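Okay, so here's the structure we're looking at.
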Amino acid sequence: MKRLDTSAAGFSEDFATLLAARGSDERSVAEPVRAILADVRSRGDEALCDYTARFDRLTLPAEKLRISAEEIASEAARVPADLMDALRTAARRIETFHAAQMPKDLDFTDEDGIRLGMRWTPLDAVGLYVPGGKAAYPSSVLMNALPARVAGVKRLAMCVPSPDGVLNPLVLAAAQLCGVEEIYRIGGAQAVGAMAFGTDLIAPVDRIVGPGNAYVAEAKRQVFGHVGIDSIAGPSEVVVVADGQNDPRLVALDLLAQAEHDEQAQAILITTDAAFAERAAEAVRKELETLPRTAIASKSWEDHGAIIVVRSLEEAAEIVNALAPEHLEVMLDAPRDFSAMIRHAGAIFMGRYCPEAVGDYVGGPNHVLPTSRTARFASGLSVFDFIKRTTTIEADEAGLRRIGPAGVALAKAEGLDAHALSLSVRLEKN
């Protein structure tokens, strides 16, 4: 864990090192992913069956790769009632928030008599990638599927690996809640390829969303342009801005809630109180002694964690904007005032009773957020990822006579004679 102080000599260099330190894994998966995608594109279902046997130790004919409605219902029925209630609560809140995001169409006539508009229409088909096995996350199903449903996407196809044939009941229950009926027991880059290019079994989709390992992320990168994708997700990250009035144990737990995700995850505390910084560091050490995922969390905290002592909240805001974190917790008396200074963050959690874990499950806004400082230019997943804009222009003869001459002049200036003629011939009639 790195300790930085903005009043110390060399802070700028140390902070630059902190920004550059993460995500330097040199292991390239580009070539094996490229080979898998080419194979799926060439051999289709046969390749899917081969990779499923190889990576998931599951040998099935192509027609059995789709999970039947009976299997989905049977697995979902195994979920305890309290967990189903929790899924329903999360689904209700996620759906409500994303429904409020839906934009309205635009239609007006301007001062030249030209009718202008903009229509929003949903994508036809979306592919959902869901990690499988023991590390399956039903919350990710809700966060990816529900915005698509709210947006009006008619077809949702989901791919989830089932190592050794084991299905995850919670994942299937979440899919059932979202109305996802087309589910395949396929994972990895091969699943991304199947959804992007299509096979006899799986019709191609228009956009692929959902988290995955390095192979899945690279596959999404390589199929982008053929289909849309949500983002290339990096390791999770949180920045906690806290004053000395906080319980150091709560701050420690919030930091470790990110650290336990992945050895590459990053958790950073920013505070104006140097004494509190020490108490928080000690609290992290104590929690790591009993945390079930202590090996992962300890590695993350040791390699990528940081505590930064600042001279003012204004300075804290500058650092947050430079970090552009995926998650920002503001544990201050006036969290809204501080948040007003923040330009770059995927999601902001305000107040001492709003840990980032609220947003992971039951807050309502999406937990699929920009990582690796991409919050400088990107946003979290929303209904806008599943709809697109089409602009409309309607002009009658009178309207064209008002604006057409300017168009003719510009077309001639660009040397595009047919463009100019398509306007001028209409203007010369009558």
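The backbone N, Cα and C atoms fix where each Cβ goes, glycine too.
Annotated in Swiss-Prot:
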type	residues	note
ACT_SITE	GLU326	active site, proton acceptor
ACT_SITE	HIS327	active site, proton acceptor
BINDING	TYR129, GLN190, ASN213	NAD(+) binding site
BINDING	SER236, GLN258, HIS261, HIS327, ASP360, GLU414, HIS419	substrate binding site
BINDING	GLN258, HIS261, ASP360, HIS419	Zn(2+) binding site
Once DSSP output is merged into helix, strand and coil, GLN258 (substrate binding site) belongs to helix
Subset of binding-site residues (GLN190, ASN213, SER236, HIS261, GLU414) lying within 10 A of HIS327 (active site, proton acceptor), CA to CA, in sequence order | SER236
Note on NAD(+): the CB centroid of TYR129, GLN190, ASN213 has further same-chain residues inside 8 Å, namely PRO131, CYS159, PRO161, GLY187, GLY188, ALA189, ALA191, VAL192, GLY212, TYR215, VAL216, ALA219
Among the recorded positions listed here (GLN258, GLU326, ASP360, GLU414), which has the Cα closest to the Cα of TYR129 (NAD(+) binding site)?
-> ASP360
In whole Å, could you give the widest CA to CA gap in the NAD(+) site formed by TYR129, GLN190, ASN213?
-> 13
Quick one, of the binding-site residues ASN213, GLN258, which Cβ has the fewest other Cβ within 10 Å?
-> ASN213
Counting only residues 6+ apart in the same chain, whose Cβ is under 8 Å from the Cβ of SER236 (substrate binding site)?
-> GLN258, HIS261, ASP262, ALA265, GLN266, GLU326, HIS327, THR371
Cβ packing number for HIS419 (substrate binding site), 10 Å threshold | 15
For ASP360 (substrate binding site), the nonlocal same-chain Cβ neighbours (under 8 Å, six or more residues apart) come out as SER139, HIS367
